[in-house]
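Taken from Swiss-Prot, the feature domain 'tr-type G' applies to 8-283. Residues annotated as GTP binding site in Swiss-Prot: 17-24, 81-85, 135-138.
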Amino acid sequence: MSRSTPLKKVRNIGIAAHIDAGKTTTSERILFFTGMSHKIGEVHDGAATMDWMEQEKERGITITSAATTCFWKDHQINLIDTPGHVDFTIEVERSMRVLDGAVAVFCSVGGVQPQSETVWRQANKYGVPRIVFVNKMDRIGANFYNVEDQIRNRLKANPVPLQIPIGAEDNFKGVIDLVTMKALVWEDDTKPTDYVEKEIPAELKEKAEEYRTKMIEAVSETSDELMEKYLGGEELSLEEIKTGIKAGCLSLSIVPMLCGTAFKNKGVQPLLDAVVAYLPAPDEVPNIKGEYEDGTEVSVKSTDDGEFAGLAFKIMTDPFVGQLTFVRVYRGCLESGSYAYNSTKDKKERIGRLLKMHSNKREEIKVLYAGEIGAVVGLKDTLTGDTLASEKDKVILERMDFPDPVISVAVEPKTKADQEKMSIALNKLAQEDPSFRVSTDEESGQTIISGMGELHLEIIVDRMLREFKVEAEVGQPQVAYRETIRKTVEQEYKYAKQSGGRGQYGHVFLRLEPLEPGSGYEFVNDIKGGVIPKEYIPAVDKGVQEALQNGVLAGYPVEDVKVTVYDGSYHEVDSSEMAFKLAASMGFKEGARKAGAVILEPMMKVEVETPEDYMGDVIGDLNKRRGQVNSMDERGGNKIITAFCPLAEMFGYSTDLRSQTQGRATYSMEFDHYDEVPKNVADEIIKKRNG
């Protein structure tokens, strides 16, 4: 059975946006116009087909990226829905890995919001070409040109409008297509219709000419021959313009801009045309990098020929089929009923059924070809970020980085009988979401869950109740503090035990040095002349790593330190790995006490948007929370305050902010970096921990 859509005509795209820019509505309309869904779901009444988990329907925010397949002008579009809430950046990061292109949706009134910046950064990190859709052009205060400026100034990108709006707010009628120089008008507001091509209205002719010239200038810079033609005063043909836009889009040197209102069904068809015309096919993006077990690098080309290689990028539990693993195929093809090799875990997996998801319906298929995305039923050992490959070519594709959680809470089931159900539920949820961790507190025996923010953990507890019927009590949130050192010290430690028969002997000299924030842990072996035999060096490293788990001040993990073992001695008979491990571990602890140990806390980047009247109160309150105000800005008549605040001071902030501003301010917060805790606060923390 050969593929129904040639590789050239496949598009893997994500729709990325800030909350409320209208991303889900845009996805819905895409599914509608491509003929997949018959009744349009509105987010307002909680019926959108992409938002298929119950909590999303209630909260009206999109949490999990469902991958949906639809067709437009004989192209297959695999649409990956990405969440817009900052606690779910991990989901966005994960979908960015498997996208070839993205549609960034901005609200014509709100413009570039804090979350848009995060998503934009992630798209830059993975080199994802994107086009911009300025949505909600029918809203009061809609301004296409403002958004263009913000993309240039705040996101430091090069936006190139391919359309300009005809009217705005209530008078938004359609768009002027600058490529064909025609007006596209939607005449019926009430139902989804095709547009009508008309001549450009006289009052917009001059503006259209001005923007077309800007577009042609940008296009001519994408290649020498277009530049020559343009400078020589020749007209560029329609084909040349389109080729130039695509080249600029793929090289990330330009960001094509379109506009419309998805809710009123205007602008969606031209957006789909642009996806097909300007976003890349799987073989038009740089090959994905991979490596073999021995570390040799290899580049994996998107083609049906060649051994199978794919990436598992999402795991979900489906009430009817059980566990679904979403896979993007990069090379070769994956057949149902066959075997694949999980090269990350070194395990063979049987491929059960293969499904293509159409937002809430599923279609069973026999084969997934290169460049396609689908779900596999029944994988046992495969987790998010694992590579599936062929046994003949055990390539490991680049891994995804997942951030460490910054907030923890203790959970216990309401009834003792639910204890086992709760641990099954939590383990399932942790498999789906690598930024969520489950552990047990050794002293109290409590179950601790950790994640990227309060909302993240709320939703986990909520899902336990809905999907696994486990009601849980949640403790006070705990902050993930860390410890580090500020001074370089040298420390000798001798571990010697002589108690009849064979003794224990390990002797080390360690140098502890502070590293730049975010560097983690580095171990250096600087032993000369075999004063400690080679085979004991890994034990020294291991001993230090064990000591790093519990710092000397309050028992928090120690990071950003470099440890060098540079001298020592051993005993022919009594030395053992155990002895060197203990010597290193105790030596590190003793050294750390002299090295100016400090406690670090997670600092959050907080952005508050508030009416000007409340600005003083908001800033005063942030200062009370030990926040440092970083910048002030204006957006749409409101003040935007950006500050760095300790996570420990931000619990319950949403309630306080609401009461301070009568519910008129909004805020977003994401983890930014770790910073030293002031001495008085550190003393409190130490007292509490060592109580």
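Every residue, even glycine, has its Cβ placed from backbone N, Cα and C.
The shown structure was predicted, so the numbers you read here are calculated from the model rather than taken from an experiment.
Sequence features annotated in Swiss-Prot and their locations in the structure.
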residue: A17; record: GTP binding site; Cβ neighbours (10 Å): 28
residue: D20; record: GTP binding site; Cβ neighbours (10 Å): 18
residue: T82; record: GTP binding site; Cβ neighbours (10 Å): 26
residue: M137; record: GTP binding site; Cβ neighbours (10 Å): 29
Check T82 (GTP binding site) against DSSP and tell me helix, strand or coil, would you? coil
Taking DSSP three-state, what's A17 (GTP binding site) in: helix, strand or coil? strand
So, three-state DSSP: helix, strand or coil for M137 (GTP binding site)? coil
